[in-house]
Amino acid sequence: MKDDGKPLPPTCRPLLPQSAVSPEGEVAQKDEGVKMRKELGLLEGTAIILGIIMGSGIFISPKGVLKDAGSVGFSLIVWVLCGLLSLIGAMCYAELGTAIPLSGGDYAYINRAFGPLPAFLFLWDANLIFVPTTNAIMGLTFANYVIKPFFPDCENPDDAVRLLAAVAICFLTFLNSYDVRITTKLQDVFMFSKIGALGIVIVTGLFALYTGVNDNFSPEKVWQNTATDPGQIAVSFYSGIFSYCGWNYLNFMTEELKDPYRNLPRAIYISLPMVTGIYVLANVAYLGVLTPTEMLSSDAIAVTLGDKMLGVMNWLMPVCVAMSAFGGLSVHIMTSSRLCFVGARQGHLPDMLALINIQKFTPAPSLIFLGIVSLAMLCTSDVYTLIDYAAFVESMFLMWSVAGLLWLRYKEPNLHRPIKVSLFFPIAFLMICGFLVFMPIYVRPYEVGAGLLITATGIPAYFIGIYWENKPNWLKSFSRSATCTVQKLTMAVKEE
């Protein structure tokens, strides 16, 4: 994807003055240059992880977990195990993130351990599958909960849901391009919405359990219809894993994190146990109010719970959940764009995606590109197909990253590791992820096949775009012209 390395024409290289204006209106010293700023502390890092994880998954995934797990009791076990798996993975990523303190997360780790081709394939899949797919899922969740009160007795209009999801993605892409400080401060507001929505669910559900609204937890029903097929059991974890997705996304922004050696692992260790406890309680609450049939027939289970238990105050639930999903989408757009930016900076994506806006210091071209791909994912509004589609591919590359930890222990034993976890954790993580990746092949052949096919298309793309250096002059000229155009449209230059 690199061009021939020649400088851009003078008209495409806007000269920067000795100082540039920072987002706060202050003067940024000339020795700082145009680059990403270290503006995230422990509180912001923790809020980012919580903001991504507690976005939309907990309001849609319980239905998917219950459907594939089969029984109430086993679905709760799946939620606990998904939280435990995420915590083990996060501990491994704490070592990777402090040993390789570069933005880009999995991309940087796979590149260091296994070289450019596997790293490019991760980048290829991230930007074509699980990042835009997750954006689409969060946008659809937001739209479903906003629209549901207007259609209480029927299904939401599909076109309206997708249109509103597209509007949300476009608006938040613009906001993240305009100023990263606005989006980080908005997380405080959205965090109250997440806590409020989950608090209402948990309190209402515990009250229902106390009063005996249903008998889901009776001995004769709690294990009824439990799945026994290994492939089906593996698939039941996909929706749960999707709800926990985001525990590794702070690693994408390591270069913007203050004191990453301390704040990265602390943010992880604070967030994951908190999320696991909240998620298990939320699912107990759902099942304390709704029967399995009611959960499986609902497209917005939190709204269904509110309609059943909150009476005239039922409007609180869709408002809180919609704001929660909106906040999760915002922070996911912010963090995932850094992955695209870092890949372009390394030459694995077109140069135009490695540009930074000279006024706001945001990777505007990367944000816009991911926004466009996310809109393409709205070709379907079936969030459960999208979840299976994304979770398989992401689980596969999580395996690669943690395998990289083991390989680097052998390949670079003297690498400085501020945090060094026991080998038990990466080995256990690999074994569990291997089960989740390979067992569903015959249960979800279409989703698995599509994920593997898109991954395979990255191999010729790598050899044509990166490995092939002697490209024809017309292609080099086109690349420079496209980069020049993007620079002018976004007022962006290469990082200094």
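Indices start at 1 and increase along the chain as displayed.
Note that Cβ sites are derived from N, Cα and C of the backbone, with glycine treated the same way.
Keep in mind that this is a model prediction, so the values were computed, not measured.
What TrEMBL lists as region 'Disordered' is 1-30. What TrEMBL lists as transmembrane segment is 40-60, 72-96, 117-140, 160-178, 190-210, 230-247, 268-289, 315-341, 361-383, 389-409, 421-442, 448-468.
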*asked:* So if I exclude everything within five residues of the ends of the transmembrane segment (190-210), which remaining residues of that chain have a CB under 8 angstroms from its CBs? That is, six or more out.
replied: 47, 50-51, 54-55, 58-59, 217, 278, 281-282, 284-289, 302, 305-306, 309-310, 316-317, 320-321, 323-324, 326-328, 330-331
*Under 8 Å, at least three CB pairs between the transmembrane segment (315-341) and the transmembrane segment (421-442) (pairs 6 or more apart)?*
no
*asked:* Can you tell me which recorded stretch out of 40-60, 230-247, 361-383, 389-409, 448-468 has the most Cβ pairs within less than 8 Å of the transmembrane segment (421-442)?
replied: 389-409
_Contact check, the transmembrane segment (389-409) vs the transmembrane segment (40-60), 3+ Cβ pairs under 8 Å, seq sep 6+_ = no
*Which of 72-96, 117-140, 268-289 contacts the transmembrane segment (361-383) most, counting Cβ pairs under 8 Å*: 117-140
*Quick one: do the transmembrane segment (448-468) and the transmembrane segment (40-60) reach 3+ CB pairs under 8 Å, ignoring pairs fewer than 6 apart in sequence?*
no
